[in-house]
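The domain 'Cytochrome c assembly protein' annotation in TrEMBL covers C:11-188. Here TrEMBL flags C:26-46, C:66-88, C:100-119, C:131-150, C:162-181, C:205-226 as transmembrane segment.
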Amino acid sequence: MIALLLRDLKLSVRAGGGALIGVLFFMTVVAVIPFGVGPDLNLLSRIGPAIVWIGALLSALLGLDRLFQTDRDDGSLDLLLMQEHPLVLTVFVKCVAHWLGNGLPLVIASPLLGLFMNMSEVAIGATMLTLLVGTPALTFIGAVGAAVAVALPRGGLLVSILVLPLAIPVLIFGVSVSYAAVEDPAPFMPPFLILLAITMFFAVLGPLGAALALRSASD
Amino acid sequence: MRLTAENLGARRGEDLLFQDISFSLDAGQALVLTGPNGSGKSTLLRVVAGFLRPETGHVALTGPDVASGVKLAEACHYLGHRNAMKAELSVWENLSFWKSFLGDFEGGKGLPVTQAAEAVGLGGITHLPFGYLSAGQQRRIAFAKLLVAYRPVWILDEPTAALDVKAEDIFGGLIRHHLSSGGILLAATHQPLALESVKELQMKGFAAVAEERW
Amino acid sequence: MSDSIAITKISELANPTRFLALAGRVLPWLAGVTAALFMIGLYLSFTTEGDYQQGATVRIMYIHVPAAWLSMMCYTVMALSAIGTLVWRHPLADVSHKAAAPLGAAFTFVALATGSLWGKPMWGTWWVWDARLTSVFVLFLMYLGLIALNRAMDDPSKAARVSAVLILVGFVNIPIIKFSVDWWNTLHQPASVIRMGGPTLDKEFLWPLLIMALAFTLLFFTLHIIAIRNEIWRRRVAAQRRLAARLASREA
């Protein structure tokens, strides 16, 4: 299992890995927003956490279809399916590796984008923290979509359409926790704990669903 | 150790590719599937390897040396058309990943990575990225994967495609060694493998349209 | 013992040929009852008095509320069929959830559209990001995604299994989405949202509503059975065509 984690990490860093593309896409999306809504710094700082979160959501989806597709293309997926390690665990490890390669860079890049959006230090910190807690949930829920995409002759876009509605709770709580840290009356801990709970819930449900879909889709 | 299949039937989409296929293989025996393209050779192999649920019948590995509750797939090596190797990683990284991920089936031990690469005649280039190798070399490394982790049953789908005569000889030797040490071989191939005393199963292809479902 | 008998009974019934025979017998009756109920329901809907606050617009509710109920019931039917697909691998379950998806999307669309029509005079806008509207809208998106997924795959049985997984994951997720949307709404919007239903329903409104709800439910089952029947026929035709193609190549 550790071997699998290391292999997937190496692959995401080496040439052709999606890690860098994801971060670049994230920065581009967020950088485009001010051109759309205008350079009003007050407005930007108000919508900042939401924009950063939406950018992170979109770029997390961007690399997802590769989660199982590359393994299927070269035949590795067959061998992964054959082994006695529970498939759920294999999928879980692949998700963790994918998050370390693609999700964590987004979290690390988010403070810089927070500066662009004229967010306060507290807001930047809160957004980074919620991204750290919330983006794994996006990967886990996306794993189901990625597993479904394996069966599709042309997956890509359909995965995003299927996964986005399911990711709404993560977005809602991610953003509201970020705002709760800045706005005074709103409590911080309850939504934060709910976000944590959602992530843990999807850490179970996502690999289960993905494993089921992979088994069904193999031919 | 004995591999038995009874009344296997499988579908591809809505087509019933074959039905009522039975065979049994003891340790040291080999079965070669022949037949035209699309006759269901690969499908039969994928059924045995556990990727496809058979429409009818079942396959099982039995014997005093097989622990009960062992799934057949765990005792199998599967070498498909694709090599299951990452072009970005070096040969050594690829092989050692599969060695530690696959682990050994009880009753045997896999070769160390370097030795396995030497066995297919490519001991000197394990440091190169897999993508830099020629198609024939890639196939040989894929074959070395069968050696790094021990599995009693080998399922090979067109193993000798893209190989020259010399490499075929190496393969023949490795397969003979596997069989003589009590292994079981299931292979689908166009070219004859240099093996004596193999069972042969002629696949005809397309048994029926699975319309009785509807 | 009785267990296994029950299971054989069900699987006998679920044999496609038997299903077709049964559907042929049941459908006329079902359609007839549905039509009758609709006539009664619509008559009542238009003859009962309008609400003193909302006027005639209250009548939209007689369509809107049953459609909204049905949009949720349809997903439940799909989830049950999905379990049938994954656990028993029954071909009829495959067909059932495939046939239900467009129906669910249609009922959800009716619910959204009538809600929007009702919202314009009542709230002064076609759409508000009210918790309930939003979660129904998300449900609509999920239906559309499932339809798209089914259309994107060539092998029908594989498509059925994969979409069954997605249906179940979605089903587990719906309560979370609903809950989070409620939370989101209370956090972002002032509490001035006009609640649907307004005053507690009195008998005047209750009767037409219940009859319409029953009529909609029966309509759903009628349409669902017809859709399943069509899908079975479609697959039989496909199997025959395939057979013709294979036989031609064998003769050649």
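Glycine too: its Cβ is placed from the backbone N, Cα and C atoms.
Since this is a predicted model, take the numbers as computed values, not measurements.
Same-chain residues lying 6+ beyond the ends of the transmembrane segment (C:162-181) with a Cβ under 8 Å from its Cβ atoms: 75-76, 78-79, 81-83, 85-86, 93-94, 97-98, 131, 134-135, 138-139, 142, 145-146, 149-150, 153.
Ranked by the number of CB pairs under 8 Å to the transmembrane segment (C:205-226), the listed stretches C:26-46, C:66-88, C:100-119, C:131-150 are led by C:26-46. Over the domain 'Cytochrome c assembly protein' (C:11-188) the predicted model carries a mean pLDDT of 84.
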